[in-house]
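Novice: Sending over a structure as structure tokens; questions will come in a sec.
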Amino acid sequence: MTTVIDGKQVAASVIDAVKTATAALEKNTGVKTGLAVVIVGDDPASHTYVGAKGRMAKECGFNSIQHTLPAETTQAELAKLVATLNEDASIHGILVQLPLPKHLNAEAIIQSIRPDKDVDGLHVVNAGKLATGDLATGLISCTPAGAMLVVRRVHGEDLSGLNAVVIGRSNLFGKPMAQLLLHANATVTTAHSRTKDLATVARNADILVAAVGRPEMVKADWVKPGATVIDVGINRIAAPERGEGKSRLVGDVAFAEAGEVAAVITPVPGGVGPMTIAMLMANTSIAAHRAAGQTPPKF
Ligand SMILES: NC(=O)C1=CN([C@@H]2O[C@H](COP(=O)(O)OP(=O)(O)OC[C@H]3O[C@@H](n4cnc5c(N)ncnc54)[C@H](OP(=O)(O)O)[C@@H]3O)[C@@H](O)[C@H]2O)C=CC1
Ligand SMILES: Nc1nc(=O)c2c([nH]1)NC[C@@H]1CN(c3ccc(C(=O)N[C@@H](CCC(=O)O)C(=O)O)cc3)C=[N+]21
């Protein structure tokens with residue numbers, strides 16, 4: 001029997017904990033947790049995600065602010081907004097939705113966010129803390145933190161003796177995911193577009209994580225029988241069977257066939273995606289607790 005992880009349910013338990021912590025923080029210190037999400041341009045998928053983040057932030061009891069800037073915003077204008085949010089004591093978390101329009105230097109913007117407000121965990125200070133094993137004082141990228149929550153629920157805190165393979169090496173996901181698994185004592189392989197014989201590498205994994213951006217690339221024969229498969233990919237593909245011009249979301253894993261071989265698998269949608277948003281709320285709550293001089297709960 002394969003266990004299909006209900007990401008919405010795991011996310012709901014995190015959101016519940018964030019709600020409780022947020023209310024307690026406000027009661028004890030008067031600090032209302034604040035999250036600012038910045039979106040530039042009109043990419044429809046980005047607007048969908050940002051809308052979901054705003055709704056969730058309100059549900060958590062946050063002061064939720066969204067800045068929607070036109071596609072032709074200049075680097076200086078965006079930098080000025082980030083500087084204002086950096087100085088704003090009512091804002092504890094700043095998220096600049098990626099990708100930014102091509103004429104903007106996203107890396108420069110990310111590095112200009114105050115590390116203690118960088119709820120995406122992308123600032124070099126936060127990436128460096130994770131890399132050096134300081135998980136207690138930094139902020140960890142939301143998607144790997146969410147994926148790790150599933151891994152912990154299935155395998156516990158200690159992954160000693162388990163082989164983990166992460167396909168993808170981005171700063172947003174692959175690298176921090178590999179570091180979190182390593183920190184939990186897994187034996188970690190990071191695979192990418194230059195990896196030779198990827199199927200064989202993947203089949204060695206007790207924990208297989210796919211974050212590539214290629215629809216249904218991971219097939220049944222890439223999966224070790226009994227493995228845990230975490231599908232991070234979000235790909236929108238044409239679905240003519242649903243009607244003309246319709247589309248649907250699929251992951252990087254061929255869910256139906258891989259699910260026959262895996263012991264545990266996360267679906268798309270309804271897997272890692274909802275957990276990403278939940279961990280963004282958790283990071284914002286952590287940042288607010290630290291700003292108020294309180295010890296944040298462990299989410
Ligand atoms: N669920 C969620 O909340 C989130 C989902 N995502 C999704 O996760 C996926 C990955 O995102 P992200 O890490 O930002 O993407 P990137 O495009 O930054 O990275 C993709 C990685 O996959 C590797 N890759 C590409 N093609 C192949 C291939 N044929 N074989 C092996 N490796 C390959 C690349 O290798 P190389 O480095 O060599 O080019 C790269 O390291 C996307 O589908 C994205 O939408 C992302 C963030 C959040
Ligand atoms: N600065 C920044 N940080 C990010 O973390 C970030 C980003 N930019 N840009 C884009 C990616 C992608 N991402 C997702 C979040 C939630 C879902 C999610 O909730 N997905 C739902 C489905 C949503 C739908 O139906 O479209 C699910 O998987 O069930 C997906 C993808 C965060 N990202």
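Placement of Cβ uses the backbone N, Cα and C atoms for every residue, glycine included.
Heads up, here are the entries from TrEMBL:
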- 5-120: domain 'Tetrahydrofolate dehydrogenase/cyclohydrolase catalytic' (DOMAIN)
- 141-290: domain 'Tetrahydrofolate dehydrogenase/cyclohydrolase NAD(P)-binding' (DOMAIN)
- Gly168, Arg169, Ser170, Ile234: NADP(+) binding site (BINDING)
Novice: State, in Å as a whole number, the widest CA to CA span among the NADP(+)-binding residues Gly168, Arg169, Ser170, Ile234 given in the record.
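Specialist: That value is 16 Å for the farthest Cα pair.
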Novice: Return the members of Gly168, Arg169, Ser170, Ile234 (the binding-site residues) with CB less than 6 angstroms from at least one atom of ligand 2, or none.
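Specialist: Ile234, by Cβ distance under 6 Å.
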